Amino acid sequence: MKIKENWSLPDLKEAGRRTRSAIERVDQYLIPAHAMHLGEGKTYHISTYGCQANERDSETMAGILETIGFKPSEDLEHVDVILINTCAIRQNAEEKVLGEIGNFKRLYKENKDLIIGVCGCMAQENSFVKLLLEKYPQVRLLFGTHNIQDLPQLLYEAMNEHTKVVKIYSKEGEVYENLPVKRFGQHKAWVNIMYGCDKFCTYCIVPYTRGKQRSRTMEQILKEVQELKNEGYKEITLLGQNVNAYGKDMENGVDFANLLEEVAKIGIPRIRFMTSHPWDFTDQMIDVIAQYENIMPFIHLPMQSGDDEILKRMGRRYTSESYYELYQKLKAKVPNAAISTDIIVGFPNESDEAFQNTLDLVEKCKFDNAFTFVYSPRPGTPAAKMEDTIDAETKKQRLYTLNEKWGQYARQINTSYEGKVVRVLVDGMSKRNENVYSGYSETNKLVNFTGENIHPGDFVDVLIEEAKTFSLDGKAI
Ligand code: 5AD
Ligand code: SF4
């Protein structure tokens, strides 16, 4: 099948260039009249990979699809549109996506009207797009992270013309407000506060796949939070690749501390935010977190490494010492705070000493939780060009050692909860046991508990009876 005219491959190099051009903000979203009823009598399914930004994008795509008449469906044998929202952060994320697209080939063979669309961060990668166009005939539609608002028109073309449809902008465009959204959670909601990232950590593909940092205006964010409160949402999470840099791309002097405070004043019961970069974390932000009871005492603070030389080569702009200072400041001002982190092992030429420095910092910080990864070179990023002589087995061993280490402290912290009472926002029944409820504590601990007459969205006080590495067990009191 040929590709509809006027398309081009994305270019990561171009995507990484930063221009000073002003960010345009579009407040009104219009769907072309001819696409307005496109989905009537039809169904869709979305597979989402990766981070919360992708989750939130999938909610927007679902909102757009339902606005034009589509209904959601889990019945893949009969569905009309499948969208796969992809993640490019590490190679294994990419492999999972390709596996799923491969599995969908049979569905396409049996139903040539099926539209399989691929979007998200991998769609910003030239080599991936080429591969899909050459080897995956089942993929009928490809669109990028900056083209979500075009979905109605793109689907219209794919459904009505016998062509593949490709629309991928390498660079970010406008910030769209008021795109439709179908929230997947009943009590918890994601709120974007900014898009993109300008930090350019040397291992990371995000500044290329998601473009330059663009903050939403405080007015729009507060309006969304107020609406969520009015609709009865109990918890919101403010989302950005680097929330502490909120506002730095605007000229009005507003920063994350101001935003967080105004959001807290709206009075939604629980507020979370992620992800924080240690570099932009100010004392004012810590004060606001400490001051407002509805800002949850939980901070995800990626350290990536505990070695100064590696941190420098990663472009992280802090040292192990300044990270630890920030950590101590947080613990001093928000004494009950739980802190989690991200750590990469096996960055190019990470020596035994460098790895030991990471273990030492983990020992000092005793994190509540950690997400640990073996470094994965991302083509187009500066680190991918760095020489590396450390073998894969050593990297695997380091990951294992690191996981043992942080796991030990996480268990210790969790054990200190035994006999205490925590307040849980109930998600529903546990996935593993249907006689048990589950939800999260203020410090973001997964709590499984028994009780009676409990409903999703309730706040319940739970007495913790037994601690595990990744969760706490207890009973409602
Ligand atoms: N290889 C391994 N881990 C990575 N991360 C980001 N890029 C890479 C990469 N190329 C990790 C970082 C980041 C988390 C979201 O993913 O730890 O904080
Ligand atoms: Fe990637 Fe660094 Fe930006 Fe996080 S702050 S998205 S790790 S470049």
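Cβ coordinates come from backbone N, Cα and C, glycine included.
Residues annotated as [4Fe-4S] cluster 1 binding site in TrEMBL: Cys51, Cys87, Cys121. TrEMBL lists Cys197, Cys201, Cys204 with the feature [4Fe-4S] cluster 2 binding site. Residues or ranges marked as domain 'MTTase N-terminal' by TrEMBL: 42-160. As annotated by TrEMBL, domain 'Radical SAM core' applies to 183-414. Feature annotation from TrEMBL assigns domain 'TRAM' to 415-477.
Checking the binding-site residues Cys51, Cys87, Cys121, Cys204 against ligand 2, the ones whose Cβ sits under 6 Å from it are Cys204. For ligand 1, the binding-site residues lying close by, meaning a CB under 6 A from one of its atoms, are Cys204; the full candidate list was Cys87, Cys121, Cys197, Cys204. In this structure, the C-alpha atom of Cys201 ([4Fe-4S] cluster 2 binding site) lies 17 angstrom from that of Cys87 ([4Fe-4S] cluster 1 binding site). Working note on the binding-site residues Cys51, Cys197: by count of other C-beta atoms within 10 Å of each C-beta, Cys197 ranks first.
According to its DSSP assignment, Cys121 ([4Fe-4S] cluster 1 binding site) is helical. Classification of Cys51 ([4Fe-4S] cluster 1 binding site) by DSSP places it in coil, neither helical nor stranded. Other than the site residues Cys51, Cys87, Cys121, same-chain residues with C-beta atoms no more than 8 angstroms from the centre of those residues' C-beta atoms, the [4Fe-4S] cluster 1 site, are Tyr49, Gly50, Ala53, Asn54, Thr86, Ala88, Ile89, Ala93, Gly120, Val206, Thr209. Here the Cβ of Cys201 ([4Fe-4S] cluster 2 binding site) has 22 other Cβ atoms within 10 Å, regardless of which shown protein chain they belong to.
The Cβ of Cys121 ([4Fe-4S] cluster 1 binding site) has 28 other Cβ atoms within 10 Å, all protein chains considered. When averaged over the domain 'MTTase N-terminal' (42-160), pLDDT in the model lands at 96.
In the domain 'TRAM' (415-477), the DSSP tally of helix, strand and coil residues is 1 helix, 34 strand, 28 coil. A Cβ within 8 Å of the Cβ centre of Cys197, Cys201, Cys204, the residues given for [4Fe-4S] cluster 2, is found for these other residues of the same chain: Lys199, Phe200, Tyr203, Ile205, Val206, Pro207, Gln241, Asn242.
When DSSP labels each residue, the domain 'MTTase N-terminal' (42-160) comes out as 62 helix, 25 strand, 32 coil, counted as helix, strand and coil in that order.
Of all the Cβ atoms in the protein chains shown, 21 others lie within 10 Å of the Cβ of Cys204 ([4Fe-4S] cluster 2 binding site).
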